[in-house]
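Have a look at the structure below before the remarks.
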Ligand code: NG1
Ligand code: ZN
């Protein structure tokens with residue numbers, strides 16, 4: 001007898017010889033990115049930033065010989081993700097779960113998918129494991145069996161309600177992948193809301209709104225208009241009549257952030273009155289231009305503005321990534337030198353501002369702010385936060401979910417990766433304190449009102465490039481700063497990030513938030529010895545979670561020393577990886 005789940009799975013059969021993993025790549029198999037690097041053409045790429053297909057064992061060539069059109073390799077995964085999303089929703093008594101189809105800053109031919117929990121946060125790790133297992137089941141019968149096993153294990157009522165929200169970015173393969181998810185959701189009998197094109201953070205926002213509607217924690221109206229109205233109004237209130245200096249040019253990576261920003265602008269105070277925004281690289285009609293020579297990843301990686309950039313010295317610019325959950329700022333100084341204001345800079349700027357407002361509101365004794373970084377944060381940023389701002393810094397492993405979890409433990413947790421992923425989260429107690437506090441004088445009232453507007457302006461479910469950019473503008477306007485003043489708060493230590501290809505990156509194991517290697521034996525000692533030879537030296541090596549490589553980071557007092565240190569550590573890693 002036919003079963004709808006078996007039928008849906010058979011409709012999108014899994015390609016043979018591929019192994020998939022959810023999130024950053026696991027420690028099994030060989031990442032396809034390895035195969036990709038040896039691939040003669042891009043048409044053989046099949047990587048997903050969130051669901052990464054891995055070739056089983058080391059048979060990358062077997063994978064290449066499949067010669068599949070790029071996203072065929074994800075069809076089967078997407079149908080199964082639909083099934084998992086329905087199960088996850090049922091396990092939470094029908095709460096809305098989000099499915100976002102995007103490969104973020106990766107090239108246009110890539111795609112991927114991620115699941116969003118009811119409050120807009122990232123999928124629980126236990127369910128990442130279930131998703132991975134599900135993605136790797138061979139056929140319809142196995143999938144059905146596993147679906148029922150999950151239901152039994154978690155006592156999920158398969159007749160209970162399942163509700164799932166879907167959105168996608170502007171990639172050409174998105175429409176087909178959407179159909180694949182829908183087939184899975186339909187087979188599982190889920191109620192589906194398809195929002196069409198959204199930025200990743202907008203989808204997170206919708207999920208949170210839908211699940212909190214009508215409660216005391218209501219987050220907003222679950223529509224695009226609701227999103228623009230909420231953030232637009234908060235921006236206006238937070239500015240308190242202050243006008244940001246000059247204008248802001250926003251490079252939208254030719255991704256979904258472009259049209260969404262154009263829409264958001266309609267809800268911001270009119271030009272002349274507040275911020276003048278120039279939108280560039282917003283061509284979504286040509287999906288092949290996505291993230292090409294533009295966007296946050298291009299700017300951060302190449303340390304230069306997109307070649308199309310036409311701004312003059314002192315003009316503030318920022319770049320979003322392909323799904324608008326990352327943002328970095330930059331400008332040309334008076335000598336026409338490119339200056340980057342990355343995630344570390346956003347974190348320090350925002351932490352200093354929120355610290356001031358908390359103090360001015362008279363809440364410094366009851367609310368503590370902390371900053372969460374990864375080992376990639378520049379040492380000068382860490383020192384500035386600890387010694388100048390006198391705030392606590394936590395360091396976590398790479399990946400926003402780690403930063404988010406650490407930030408959740410703080411009253412106000414400001415977390416950013418250097419590459420521009422991040423946001424600020426307020427604990428429930430802190431939100432209550434700020435909501436209920438009775439100001440004792442007009443100064444306190446003013447600061448309190450700014451804090452309340454910032455809470456609304458910050459997308460607390462996930463890092464949101466549009467909301468983060470507006471927050472930066474609010475802070476700069478209050479401080480009456482341009483980018484040069486922002487840059488002048490501290491001087492970055494010269495640094496270098498290198499990628500080392502090794503035959504098996506899984507032998508590189510770390511501890512201490514990835515800052516020290518525990519394996520291969522003896523390597524850390526050798527790195528320490530090199531670090532001790534340079535002034536203000538710091539270096540670490542870790543296996544990338546998204547690429548088949550080991551990343552080496554080094555910083556030191558001078559550019560020459562940083563580069564030399566990086567080169568030497570990379571050499572040590574290469575030797576250890578080939579022995
Ligand atoms: P890996 O490949 O694990 O270093 C990269 C970024 C992370 C994060 C993830 C997810 C660096 C050094 N690493 O991780 O910050 O953004 O991708 O996209 O930038
Ligand atoms: Zn992204």
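Our numbering is plain: 1 for the first residue shown, then up by one each step along the chain.
Just so you know, glycine gets a Cβ as well, placed from its N, Cα and C.
What TrEMBL records for 46-68 is transmembrane segment.
As a summary of secondary structure, the domain 'Alpha-D-phosphohexomutase alpha/beta/alpha' (97-126) carries 2 helix, 10 strand, 18 coil according to DSSP. Look at TrEMBL and you will find 97-126 (among others) tagged as domain 'Alpha-D-phosphohexomutase alpha/beta/alpha'.
TrEMBL lists 104, 321, 323, 325 with the feature Mg(2+) binding site. Sequence-distant neighbours of residue 325 (Mg(2+) binding site): residues of the same chain at least 6 apart with a C-beta under 8 Å from its C-beta are 104, 199, 200, 201, 421, 462, 463, 464, 465.
What TrEMBL records for 104 is active site, phosphoserine intermediate. Take the CB of residue 104 (Mg(2+) binding site) and look out to 10 A: across all protein chains shown you find 28 other CB atoms.
Over the domain 'Alpha-D-phosphohexomutase alpha/beta/alpha' (141-214) the predicted model carries a mean pLDDT of 97. The domain 'Alpha-D-phosphohexomutase alpha/beta/alpha' annotation in TrEMBL covers 141-214 (among others).
Annotated domain 'Phosphoacetylglucosamine mutase AMG1' per TrEMBL: 223-328 (among others), in sequence order.
Sequence annotations record features per position, and here TrEMBL assigns domain 'Phosphoacetylglucosamine mutase AMG1' to 342-481 (among others).
Look at TrEMBL and you will find 417, 418, 419, 542, 543, 544, 545, 546, 551 tagged as substrate binding site. Counting Cβ atoms from all protein chains shown, residue 419 (substrate binding site) has 22 others lying within 10 Å of its own Cβ.
The feature domain 'Alpha-D-phosphohexomutase C-terminal' is assigned by TrEMBL to 516-571.
Checked against ligand 1, the binding-site residues 321, 323, 417, 419, 543, 545 give 417, 419, 545 as the ones with a Cβ under 6 Å from it, listed in sequence order.
You'll find the Cα of residue 417 (substrate binding site) roughly 14 Å from the Cα of residue 321 (Mg(2+) binding site).
Each residue contributes its Cα atom, and for residue 323 (Mg(2+) binding site) and residue 545 (substrate binding site) these two points are 20 Å apart. Same-chain residues lying 6+ beyond the ends of the domain 'Alpha-D-phosphohexomutase alpha/beta/alpha' (97-126) with a Cβ under 8 Å from its Cβ atoms: 22, 42-43, 45-52, 70-71, 74, 77-78, 81-82, 84-86, 88-89, 163-169, 171-174, 177-178, 181, 198, 200, 203-208, 211-212, 219, 253, 256, 287-292, 295-297, 321-323, 325-326, 400-401, 404, 460-462. Helix, strand and coil counts under DSSP for the domain 'Alpha-D-phosphohexomutase C-terminal' (516-571) come to 22 helix, 16 strand, 18 coil. With a cut-off of under 6 Å between the Cβ and any atom of ligand 2, the binding-site residues 104, 321, 325, 417, 419, 545 reduce to 104, 321, 325. Recorded stretches compared: 141-214, 223-328, 342-481; the one with the most Cβ pairs under 8 Å to the domain 'Alpha-D-phosphohexomutase C-terminal' (516-571) is 342-481.
Looking at residue 543 (substrate binding site) and residue 321 (Mg(2+) binding site), their Cα atoms lie 23 Å from each other.
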